[in-house]
Structures are given as C-alpha cells and as structure tokens.
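For reference, the structure discussed in these notes is given below.
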Amino acid sequence: SSPPAPPWANQSSGREFFLLGFAHVPALRPLLAALFLAMFLLTLLGNALIVLLTALDPALRAPMYFFLRHLALVEICFSLDIVPRLLVTLLRPGRGVSPAGCALQLLLVLSCVTSECFLLTAMAWDRYVAICRPLRYGAIVSPRLCHLLAATCWLAGVPVSLVFTVWLFHFPFCGPRGIRHFFCDIAPLLSLVCADTRVFEANVLAATVLVIMVPFCLIAVSYTKILATVLQMPSATGRHKALSTCASHLIVVVLFYGTTGVIHLRPKASYSPESKQVVSLSYTLVTPMLNPLVYSLRNKEVKAALGRLCCSYQGSGCHE
C-alpha cells in the first residue's frame, strides 16, 4: 500500500498552513532543535541582561546604552516570535498553523525587522555624533530626541507590516498548504498564491529598499565618516579602540542587512527554499544572539556594570 500523504498535501485538512522547516533533513531535526534551543536561551539571557543593566546601572545612562536597551528588547520580541514555533516544527512535524497565527507571525517578523533596521541606523548616527562632533554631542543627542527616535523606530514597523500582511492574506491560496520555511514569511507564502502578485512584489521591493537599503546606506556613510575621523586621531590606542568597536558593529550590520536584503529584495528568486532557510537563520537566530556580545559584552563599562550587579547580589561578600 502507498504511504499516507503528509497532512499539508491534503486539501481537505482545513485552511491550516503547515511549516516544513528543515523537512529535507529529518534525521537532523532533534539535533537542530537542541542547537536552536541553546541559541534561543543565550539570546534571551544576553539581551535580558542588557535591558537589566542599562535600566538599573546609573553609569549606563548615555544615549548609546538607551538605544542598546531598545535593540535588546526588539531582539527578545523577534526571538519569541520565531523560535518557539520553530522548535515545535522540528519536534512535532505536521502540526498545522491557523491563517490568523501565520498572519500574526508575519506581522511581528516584518515589524521587528523594520524596527531593528531603524534602530541600527539610530545607533550608527549616535556613534557618528559622539566621535565626529564630540563637543556638540550633549546638545545634539538630547534625552528628548533619543525618546522620539526610539518611539519612531518601534512604531515605523507597524504600518509597513500591517499593510503587507493584510494584502498578502487577501490573495487566494490554493493547492497544498505546505510552507517550505520554518516561519511564515512573504516569499514562501507567495509561492502558494494562485493569483497575479506582480504589483504586490513591486511594492515589497520598494518597501525593502526603503526599510533595508536606505538605512544601510546611512549606516555606511556614518561609519565612513567615523573611520575618517578615527584615522586622524593622534593616539594609536584611541585609534585601535575606535576601530575595533566600529569593526564589530559593522560585522553585525553587514550580517543582518546582507541576509535580510538577500531574502526580501527578490522574494521569488530562483534559489531553493532550503538555501533560503539557511540564510534566514543568520538574521533570525545568529544576529539576535551575537548582538549582546558584539555591542555590549565587549564593552568595559558594561562589564563593570555587570560586576557591580553581581556584587550587589552577593551583598556583604563583595567589597569595593
């Protein structure tokens, strides 16, 4: 007798979608689940620690740490949206996702990616003013402006994600409802639509350029000016410190913008869904885990704040 059809191939199984993340490597699923769970816990721990330190420690009151706190909060939201469902997909393959659940996940993914793009730009601008305009830094980067920028970064993602999610889910989906990805994203959902999506794709491209490429260019300009300023510094130690900081920031920026750009600039590109899954891992799992390490835990002030926090918990057992 022929093997039973997978649930996603059965059109009578209701309107549910089925995430087929890493279905091409079934033997590796338990190992991948363990690896992704470890990365998820590290991401939550690292980012929660940054939120805690920047909120509680009086020495971390500079605008840079204010933006870091918001970046860490975005990473926590992003990870909570992606990873739990990814783990379920790996450990319980064949479990369906309702259209509302899929739409909500897409909405949050697009919103978080947009917010992160803008926050990284705000952070690059903050570093540019601090290094290239140090005497006017306090006057330019005021607490009021920081709060306004942070609110804009958080809210900017909402209309963009809402428009594209509602628009995409208004298209008719036909045939098997297996999504060849580990989360509900525009590209794998588009492949299930049986309608002309050229106008939608053109708008996705325009939004991607606006949300990803424009901020990336602004970051590139900021860091180019920072490097030009740093190279003119008389102190070799100062130059080395500024260059190492810029280099680590740029690694995260290139990793995040490069991979999100590859995925969203060509949503119906010819390369396989399996290769897209691997590329997507870098901005959904790797970048959120690396950000606390790259941006903060290499920073002496953050390390000192962490030491003070540990001391305060140890109480009398720790002496200054």
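The backbone N, Cα and C atoms fix where each Cβ goes, glycine too.
Nobody curates TrEMBL annotations by hand; they come from automatic prediction.
Here is what TrEMBL records for this protein:
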DOMAIN    46-295  domain 'G-protein coupled receptors family 1 profile'
TRANSMEM  31-53  transmembrane segment
TRANSMEM  65-83  transmembrane segment
TRANSMEM  103-125  transmembrane segment
TRANSMEM  145-169  transmembrane segment
TRANSMEM  202-221  transmembrane segment
TRANSMEM  242-265  transmembrane segment
TRANSMEM  277-297  transmembrane segment
Practice task
Look at every Cβ pair spanning the transmembrane segment (242-265) and the transmembrane segment (103-125), keep those 6 or more apart in sequence, and say whether at least 3 of them are under 8 Å.
Solution key: yes
Practice task
Answer with yes or no whether the transmembrane segment (65-83) touches the transmembrane segment (145-169) by the criterion of at least three Cβ pairs under 8 A, sequence separation 6 or more.
Solution key: yes
Practice task
Grab the same-chain neighbours of the transmembrane segment (65-83) for me: Cβ-Cβ under 8 Å, and only residues 6 or more beyond its ends, written as numbers and ranges.
Solution key: 36-37, 39-40, 43-44, 46-48, 50-51, 54-55, 105, 108-109, 112-113, 115-116, 119-120, 122-123, 126, 146, 149-150, 153-154, 182-183, 284-285, 287-288, 291-292, 295-296
Problem - Distant-in-sequence neighbours of the transmembrane segment (103-125), which means Cβ under 8 A and at least six residues beyond its ends - result: 64, 67-68, 70-71, 74-75, 77-78, 81-82, 85, 97, 149-150, 152-154, 156-158, 160-162, 164-165, 168-169, 183-186, 189, 211-212, 215-216, 218-219, 222-223, 249, 252-253, 256-257, 260, 283
Fill in the blank from the handout: Across the domain 'G-protein coupled receptors family 1 profile' (46-295) the predicted model averages a pLDDT of 88
